[in-house]
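Take a look at the structure set out below.
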Amino acid sequence: MTDDQDCAAELEKVDSSSEDGVDAKPDRSSIISSILLKKKRNASAGPVRTGRDRVPTYLYRMDFQKMGKCIIINNKNFDKATGMDVRNGTDKDAGALFKCFQNLGFEVTVHNDCSCAKMQDLLRKASEEDHSNSACFACVLLSHGEEDLIYGKDGVTPIKDLTAHFRGDRCKTLLEKPKLFFIQACRGTELDDGIQADSGPINDIDANPRNKIPVEADFLFAYSTVPGYYSWRNPGKGSWFVQALCSILNEHGKDLEIMQILTRVNDRVARHFESQSDDPRFNEKKQIPCMVSMLTKELYFSR
């Protein structure tokens with residue numbers, strides 16, 4: 001199932017299990033058992049403060065005919081040869097993201113259980129479309145992963161090979177427009193134990209602003225976790241990162257700047273989620289998302 005509205009209803013079907021999982025290749029030397037999600041309920045609800053004035057020179061233009069496309073790649077089932085487990089709970093993520101980005105004005109499509117070649121083909125074709133009337137582009141990758149790699153149903157592919165289709169020299173109609181990638185996947189096998197809380201200017205050479213734009217400019221990568229670490233997912237509620245991302249976007253997606261949004265996502269994941277397990281190696285573990293921005297202006301989804 002891809003493109004039609006019926007995918008939202010289908011994706012609402014979630015697994016009844018309450019065990020958390022991680023989006024990484026299984027560790028066959030040990031079994032993670034009885035991992036339960038413990039979500040703290042003391043989220044604050046203070047007034048919204050943007051903390052800055054919107055200066056047009058430093059804002060991405062959003063006055064286009066369309067917000068743009070959002071492609072969600074939702075990989076749940078994997079070929080046996082990959083050694084990857086079923087990602088129970090990912091349909092919950094995909095359904096929530098579908099509604100969230102649709103509410104922001106995106107044209108959203110969902111593609112399930114894609115092979116590596118299919119992922120490449122989807123994004124290559126998307127990059128070849130005419131985005132002249134669109135303000136931006138978004139892509140969400142939901143799958144197993146390793147550092148710099150993402151799993152298709154039949155194997156693994158470098159994330160950079162997927163995103164490179166949208167470089168400024170390859171996708172001209174998205175030049176100087178934001179290209180957003182949200183990635184829910186493990187980036188290693190380290191576990192975060194958590195901890196109890198108790199230079200001069202550089203002389204640059206000025207260039208003609210109409211001369212050239214770096215081909216890697218205007219990208220944003222929002223990862224569910226930092227390099228080297230596991231990323232947690234609950235089969236009944238979805239991944240910690242996507243739960244937080246959708247919650248903040250639904251609350252403040254049209255009034256906060258994207259970096260403010262993602263900073264709040266970081267805070268919510270860091271403070272409100274924690275694993276619990278009978279195995280002390282996996283008990284009370286934490287997670288912190290990570291953003292890498294090459295954006296050159298501020299981005300507000302309001303139009």
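Backbone N, Cα and C atoms are what each Cβ position is placed from, and that goes for glycine too.
Noted in Swiss-Prot for the protein shown:
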MOD_RES   Met1  N-acetylmethionine
COMPBIAS  10-26  compositional bias 'Basic and acidic residues'
MOD_RES   Ser30  phosphoserine
REGION    38-41  region 'Exosite'
MOD_RES   Thr173  phosphothreonine
SITE      Arg187  site 'Involved in allosteric regulation'
SITE      Tyr223  site 'Involved in allosteric regulation'
REGION    226-238  region 'Loop L3'
MOD_RES   Ser239  phosphoserine
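Shown here: features listed in Swiss-Prot, placed on the structure.
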residue	record	DSSP (3 states)
Thr173	phosphothreonine	helix
Arg187	site 'Involved in allosteric regulation'	coil
Tyr223	site 'Involved in allosteric regulation'	strand
Ser239	phosphoserine	strand
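Geometry remark: Tyr223 (site 'Involved in allosteric regulation') versus Ser239 (phosphoserine), CA distance 12 Å. On its own chain, Arg187 (site 'Involved in allosteric regulation') has Gly145, Glu146, Glu147, Asp148, Tyr223, Thr225, Val226, Pro227, Gly228, Tyr229, Ser231 as residues at least 6 apart in sequence with a Cβ closer than 8 Å to its own Cβ. For the region 'Loop L3' (226-238), the predicted model reports an average pLDDT of 93. Fewest other C-beta atoms within 10 angstroms, among the modified residues Thr173, Ser239, are seen around Thr173. Rounded to a whole number, the distance between the Cα atoms of Thr173 (phosphothreonine) and Ser239 (phosphoserine) is 33 Å. Neighbours of Tyr223 (site 'Involved in allosteric regulation'), defined as other CB atoms within 10 A of its CB across all chains, total 23.
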